[in-house]
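These features come from TrEMBL:
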| type | residues | note |
| --- | --- | --- |
| DOMAIN | 3-118 | domain 'Response regulatory' |
| MOD_RES | 55 | 4-aspartylphosphate |
| DOMAIN | 126-243 | domain 'Response regulatory' |
| MOD_RES | 176 | 4-aspartylphosphate |
| DOMAIN | 286-416 | domain 'GGDEF' |
């Protein structure tokens, strides 16, 4: 759990901020009122704070002395002030100062909360910086690491594409325009050929701040454009806005692609990912395996025990599938009482045996709901092919289980 030090003499702001951070994010907040209390807390504490939220003007330290102390201990900090000044903005050029917040409206509280949330989210975000200038590259890398990102760097386009291919979960690329081997616009195009805007953000940067260069980047698929040299404040704002937008898209994807009853991915997600899984199987010469599991007589089960019991069984069965097939492939709720496993393997016999063992184990398992012991029966049908048209394996396995449940309920069947 993240540990946050809050130093704020205004009781209302301190109380609300502590409550909101702990309630919304689950982080532990130590709140103190004065410079003296803060120094005592810092010197007596054995564990290091992950983040500090500091009021610039405290009753016993009106000239920002608390910032010197906390910054000197290498604790990342967000500064509060009652008014804006250029001196406050200049604090961003100091080590470990992430941002400042002017407490001039209720919106300032939300800004602090969003900044705290973004800071800790960044720890799970990979960023790639591409610039042939060693000075510019190091500067951007340092800024991003200060904001808690996991940062990679490259000095040219070819190296950037190599790093990007090695780390498929990079979420942000910041690339310079003018580079010797490959221009930033071309880097942008090559990345966009692999990843869409809802998968990775790209920010173009250039010392030649013309509208034409900005337009080139945006047409090539960039999400944003920055002119060098830029203010640290502007850099963080652009990065934060782009990452927040990407997060919103992912949140919407979760709603669209997640089954509400089982919390597994749904049929739409399976169909969206199918081509990628199929392509991987073809490239690596692996067996592509599809298994359908269907609860037998599920309508009759719901009629007898009620829909709440039916939903509970689906949820508990989903957890069993997750646990059993965690490293075996993608498990989804296909619809109704059907589940689907799609995976790849280089050892088909072992993979099939694993699925059959899961079938046998789960058909013998007793599920508890509302003080009742409920037994289930389901039919499993598996298809495996190494050379198949991209849409056929799902359709073939689905058709096979529809035929099997008419006469062979409760059995494990192979359809290949």
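Cβ coordinates come from backbone N, Cα and C, glycine included.
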List of residues, in chain order, with Cβ under 8 A from that of residue 55 (4-aspartylphosphate) and at least 6 apart: 7, 8, 9, 10, 66, 80, 81
PLDDT averaged over the residues of the domain 'GGDEF' (286-416): 87
Tally of residues which DSSP labels helix, strand or coil - the domain 'Response regulatory' (126-243): 54 helix, 27 strand, 37 coil
Counts by DSSP class (helix H/G/I, strand E/B, coil) across the domain 'Response regulatory' (3-118): 53 helix, 28 strand, 35 coil
